[in-house]
Structure formats: C-alpha cells, structure tokens
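Asker: Supplied in structure tokens, the structure appears directly below.
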Amino acid sequence: MTQVFQGRSFLAEKDFSREEFEYLIDFSAHLKDLKKRGVPHHYLEGKNIALLFEKTSTRTRAAFTTAAIDLGAHPEYLGANDIQLGKKESTEDTAKVLGRMFDGIEFRGFSQRMVEELAEFSGVPVWNGLTDEWHPTQMLADYLTIKENFGKLEGITLVYCGDGRNNVANSLLVAGTLMGVNVHIFSPKELFPAEEIVKLAEGYAKESGAHVLVTDNVDEAVKGADVFYTDVWVSMGEEDKFKERVELLQPYQVNMELIKKANNDNLIFLHCLPAFHDTNTVYGKDVAEKFGVKEMEVTDEVFRSKYARHFDQAENRMHTIKAVMAATLGNLFIPKV
C-alpha cells in the first residue's frame, strides 16, 4: 500500500498539500502528548541520522537531536568544518556518500538548491532545517502553537512585523495561506516580500479562503490581529546591514503600543528566536552602543508579557521535527490524509 509520507523529503511548504501539512501538525500534537505521558515511541529504532549544519543553531540542533533520540535513532552532528559541501567535494558526491551511511539527513544552511541536491542524490529523506529561502520545520512549530492557543487555524489572522523578504516571512505566507490563515506582512516597502512569493501565497489563499495583505500602514496591518510575529532584523550572513536595518525597521518594532492597536486581549506573540529584546547579549550591547537602540524587533515588555508564547513555540520545534522524521522514515501506516 502506498504511504503518504514514507521516503519523502521535507524541503519547502509548497511541496505539501493542506491536508498533509495539517496532518503533520496534528501528529506533532499526538507525539507531544506521548512525550508528556512518558509513552515510548521508538519509530526510528536502529536508524542513523546526519545533522548537517552550515549555519549555527541552538533550537534546530537541539530539536533534531532530542527528537531523533526520542524516536530511537542515533543523530550525528556534522558542522561547517566537518563537511565539504561544494568546497572540496561536490554536493552530489557528498549526498551519495551520506545516503549510503545514514537513513535520513537534516540540512541547515544558506542555499535552497543545496538541500534540494542532497534530496535528489542521497536516496534518503532530507529535512530542511533552514535555508535563505524557506524555514518549513519552523512553520510546523508556529502553526501548532497557534492551534494550541485558538483551537483552529482557519480564519486566524497573523501579522508578521519586520523584514518581509526573509525565509520566515516567506514560509509564514505560504504555510499560512495554505491552511486558511490570513497573513499580513507589516514591513517597509524596501523589504516587501518577493512578488513571486506573494503570488504563490495569493494562489493558496484563493483556494483556502484566506487573504494576504502586504503593507507599511500600521492601521491596516493590525486589523483583526490574533497573532503578532516578528524575527531578527538582520539574518545570518547580513551582519553588515545592521545600521541600515535598525534605521529602517524601528517603526515596525513589536511594542505595547502596537499590541494595543489590535484591540484584542486574547492575541498572542510569537518569535522564532533568538530575540534582541534587551542588552544581555554581546549583539545587544553592541547595537545599543553603536545605534542607541536597547530593544530591537520586540520590546522586553512584550517579550515577557502575558501575550508571549515563544518558549512554547521553541519547545514545539522538537515535537514537530519528530513528527516529520517519523512520518517520512518510520514506515508508519499513513495510507492517506
């Protein structure tokens, strides 16, 4: 019998149907419950998992590692200094070697093409832990967190504030509209999402009944907001743009004034982390000294408020990643969704 997920890679949200994406979210909730009750779920007993990290990570590495162990698999971390992707060895050759030694591969790096080549040539499921274009495993955690708080996804309005061109904004647009979530991007015109991403999201929205709004008008952006979401102003590899981004994005900071504009006491705040909400980091101190800004994309007040759900969201990275690995590699009985 054909299995829906077995052997498939998880590279971008657009590769999955609404039903498939929603199934993974619900399966994640089930695995979270099993974990909470101490029920073993060793669906990947005896499997070996390669964790390839071109870009450093706290949550993604921790989530994949603990998820693999919970599933009975052995995770092996291979950092930027351990792998030769495209340097001394082609991605194709590396993929073919790793595919003979490992049962599944996670990749977190810069190029979407690279993760696609790993999937094409390795012969095993490959999971995208983040590229410059997409962040699909983050989306499962985000929308699971939203569903936990509201009991549904369809009809919810999510407002993303900040750099509208980054991977998180791209993925929020596509995954959200795929599942009937209204997605507002509140961003300066210079950082509006790419036109092809917006068109893709609008196509999904037409099918799901959702709507897409890309605007630099705060009153338009916050209308009907159930979820405020933000991300760092400067992504990995863009550190030279700090001054430009601080000046450009200060009006798009998530603060209590913005929260109150939504006039919804039941709304929640999400952030994929890390967050620059104070000066308790080297980056935070550096930005404060150079630009006079002590809080960047979110104020400390909002970050620590009753609206905040980002630590639930971070925990959900592990449960959702576990669901993806189990569904695609665990030979589970999932004939259709």
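Including glycine, each Cβ sits where the backbone N, Cα and C put it.
These numbers come from a predicted model, not from an experiment.
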Asker: What does Swiss-Prot list, out of ASN149, ASN167, ASN316, as binding the same L-ornithine as ASP231, SER235, MET236?
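Answerer: Candidate listed by Swiss-Prot for the same site: ASN167.
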Asker: Determine the C-alpha span of the carbamoyl phosphate site listed in the record, that is the greatest distance between any two of SER57, THR58, ARG59, THR60, GLN84, ARG108, HIS135, PRO136, THR137, GLN138, CYS272, LEU273, ARG317, in Å to the nearest whole number.
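Answerer: Maximum Cα-Cα distance: 29 Å.
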Asker: Does DSSP put ARG59 (carbamoyl phosphate binding site) in a helix, in a strand, or in coil?
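Answerer: Going by the DSSP assignment, ARG59 (carbamoyl phosphate binding site) falls within a helical segment, counted as helix.
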Asker: Excluding ASN167, ASP231, SER235, MET236 themselves, which residues in that chain have a Cβ inside 8 Å of the centre of the Cβ atoms defining the L-ornithine site?
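Answerer: Sorted by sequence, the hits are LEU130, ASP132, HIS135, ASP163, ASN166, VAL168, VAL232, GLU238.
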Asker: Per residue, counting other C-beta atoms within 10 angstroms of the C-beta, which of the binding-site residues GLN84, ASN167 reaches the highest number?
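Answerer: Counting Cβ neighbours within 10 Å, the top one is ASN167.
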Asker: Among ASN167, ASP231, SER235, MET236, listed as contacts of L-ornithine, what is the widest Cα spread in Å, to the nearest whole number?
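Answerer: Roughly 12 Å, rounded to the nearest whole number.
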Asker: Identify which of the binding-site residues THR137, SER235 has its Cβ surrounded by the largest number of other Cβ atoms within 10 Å, counting every protein chain shown.
Answerer: THR137
